[in-house]
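Reviewing the structure listed below.
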Amino acid sequence: MGPGGPLLSPSRGFLLCKTGWHSNRLLGDCGPHTPVSTALSFIAVGMAAPSMKERQVCWGARDEYWKCLDENLEDASQCKKLRSSFESSCPQQWIKYFDKRRDYLKFKEKFEAGQFEPSETTAKS
């Protein structure tokens, strides 16, 4: 605990209560009389790692969505409900990662099969 209340690392993007470091994830104010447990509960919102059950639900939703894309020739409009389920089951950062990973895996699959066609700008250079 810092001299004026809970001390949290600025390198992690959070606040030192008395000095005014802030994070947009805080749900309330942190003053000199804020108990450490209260201040930490503000920080913990949205920060906890998913449990094993939550990870399994996320991966299952991702797999169902990817399967739908495969079955519908990448037509995302046919998989809107599964996309919504995927987005509500996984942390946003994971969704970005999984989307990029799928793009890479599809590119790699085409490249290894000799089906990769460079864009016109790449072919001209």
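Including glycine, each Cβ sits where the backbone N, Cα and C put it.
As recorded in Swiss-Prot, the features of this protein are as follows:
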{"type": "DISULFID", "residues": "Cys58-Cys90", "note": "disulfide bond"}
{"type": "DISULFID", "residues": "Cys68-Cys79", "note": "disulfide bond"}
{"type": "DOMAIN", "residues": "55-98", "note": "domain 'CHCH'"}
{"type": "MOTIF", "residues": "58-68", "note": "motif 'Cx9C motif'"}
{"type": "MOTIF", "residues": "79-90", "note": "motif 'Cx10C motif'"}
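Recorded residues Cys58 (disulfide bond) and Cys79 (disulfide bond) have their alpha carbons 16 Å apart, per Cα-Cα distance. In this structure, the CA atom of Cys68 (disulfide bond) is 17 Å away from the CA atom of Cys90 (disulfide bond).
Within the same chain, residues 106 sit at least 6 positions outside the domain 'CHCH' (55-98) and bring their C-beta atoms closer than 8 Å to a C-beta of that stretch. Under DSSP, Cys90 (disulfide bond) is assigned to coil, being neither helix nor strand in the three-state scheme.
In this structure, the C-alpha atom of Cys79 (disulfide bond) lies 17 angstrom from that of Cys90 (disulfide bond). Proximity of Cys90 (disulfide bond) to non-local residues of its own chain (separation of 6 or more, Cβ distance below 8 Å) is seen for Cys58, Ala61, Arg62, Phe98, given in sequence order. Mapped onto DSSP classes, the motif 'Cx9C motif' (58-68) shows 11 helix, 0 strand, 0 coil. Residue environment of Cys58 (disulfide bond) contains 19 other Cβ atoms, counted within 10 Å of its Cβ in all protein chains. For Cys79 (disulfide bond), the number of other Cβ atoms no farther than 10 Å from its own Cβ, over all displayed protein chains, is 21. DSSP assigns Cys79 (disulfide bond) to a helical segment in the three-state reduction.
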